[in-house]
């Protein structure tokens with residue numbers, strides 16, 4: 001019998017080892033296949049070329065992490081990292097082979113995030129100041145797409161097209177009635193009269209304070225938009241506001257009359273504009289000048305960025321500035337590649353602190369906040385990092401609440417005028433299923449050694465004593481938050497109280513009240529980090545977290561399977577509302593703080609393109 005078990009165990013481990021070997025060989029084969037399929041030829045750039053900024057490609061801080069299926073099949077959504085876009089445009093301004101830039105809005109306008117687009121806009125203005133022409137052409141310009149197109153020397157539009165200038169709006173969703181119908185009870189605790197993050201679960205509309213701050217914030221971001229567009233188009237803010245109030249969506253001929261565009265035309269005349277700007281155009285009548293499959297010489301931003309990397313001399317020995325991207329909700333534990341896990345980022349920052357080649361760090365925060373515990377774990381690692389090397393905070397579209405908590409550990413804070421930040425406040429949401437149990441005929445009994453033994457249970461609502469305990473915890477976390485902000489920003493208790501209470505600020509307003517040091521984008525923060533570290537002109541940037549390699553994707557999917565959930569296909573008029581509902585529930589699912597206390601933005605805005 002003993003030999004039987006020994007043989008069985010040996011057979012089991014032998015089989016397991018064989019499976020591991022086969023999987024390894026299979027994974028290696030897939031890697032080699034992927035490399036062969038995805039290999040690209042060395043890029044080539046000819047004279048008289050136009051750089052293309054495609055408004056159909058979203059611009060985000062970092063490229064998304066792909067699934068194995070997306071990596072192998074190449075069906076991933078195309079996304080441009082912000083630094084890729086800005087660096088490519090700025091380098092193209094100095095490259096004699098690039099003679100013009102085309103802002104292409106023919107497909108759709110998917111660009112998003114006013115703060116990120118402000119940095120792209122500044123790069124476009126520098127390109128134009130170099131003496132090179134920018135031409136914009138589109139079918140339908142969204143408000144965000146037009147924000148970039150307005151920088152062009154010439155804006156052209158298809159005769160069937162239009163321009164959207166109708167202002168900013170938000171339509172928050174409230175779950176209170178739905179939760180009540182489902183039998184789910186909600187009890188909330190918060191500190192800060194403006195901390196409205198609990199309102200979707202307790203109210204059926206916005207509180208006066210939350211409505212006031214959202215209205216003020218929208219107005220400020222809108223004024224920044226109007227001022228920028230007015231300056232670029234030689235219009236006035238009152239003119240644009242009148243267009244937004246009275247017309248909103250302008251057909252091509254009306255947009256021309258209102259001087260939002262310069263010409264209503266078709267694609268062939270766009271080619272004529274590019275030719276006038278010096279771009280080589282394929283002429284069918286001149287056989288000697290024809291180039292196969294080319295209307296004109298062009299290169300995309302992604303291709304040009306790859307070309308620059310290929311042509312640039314390797315400087316591996318230069319001191320490094322690390323850019324650490326913190327994007328998404330802040331969650332307890334390691335999290336996923338779509339959010340900011342406190343433990344995972346804590347480890348990453350420790351690794352960077354111990355790397356002697358890294359002389360300075362930029363934390364790029366694009367987060368509405370989340371778990372207070374996770375934010376504090378990251379804050380501590382930033383504090384330790386700052387003690388050894390300069391840490392500059394760069395705020396993206398939003399860096400609020402838990403995102404601002406982390407930012408207080410940096411040496412300097414840089415934000416765009418239209419960044420959403422602040423929201424210094426905390427809250428807790430306590431759900432219970434007592435009514436749901438009644439409806440389903442479920443009953444619970446209780447045995448305990450004391451009145452507070454089952455304080456963590458969600459079976460029934462919290463008692464007054466239990467609520468008092470939770471409120472004490474919320475108050476304590478808020479005091480910790482205030483202390484960090486007060487010490488970091490050198491604010492008196494009175495000044496601190498006036499900027500806290502969960503109130504949200506634009507970057508421009510935040511600078512005025514002392515929450516932000518300097519206005520600018522990611523490159524501003526990088527340059528500041530280099531100056532603080534006294535690196536001179538010779539340094540290089542290294543970005544974190546590094547993308548997952550294909551091997552990691554392969555093993556993960558060999559274990560969990562290659563299947564992906566198919567999304568529901570909905571008509572356009574339902575899709576927006578369904579996506580909003582999905583986002584809200586997905587964000588609620590990330591509420592995993594061990595104490596149930598959160599430092600998070602009190603609303604979730606998504607400015608959608610038509």
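Cβ coordinates are placed from backbone N, Cα and C, and glycine is handled just like the others.
When the ranges 17-37, 38-58 are checked against Swiss-Prot, the one recorded as transmembrane segment is 17-37.
If you take the C-beta of residue 401 (active site, nucleophile) and look for same-chain residues 6 or more apart in sequence within under 8 angstroms, you find 368, 369, 370, 422, 423, 424, 425, 502, 598, 599, 600, 601. Cβ environment of residue 195 (active site, proton donor/acceptor): 423, 425, 426, 427, 501, 502, 602 lie under 8 Å away, each six or more residues apart in the same chain.
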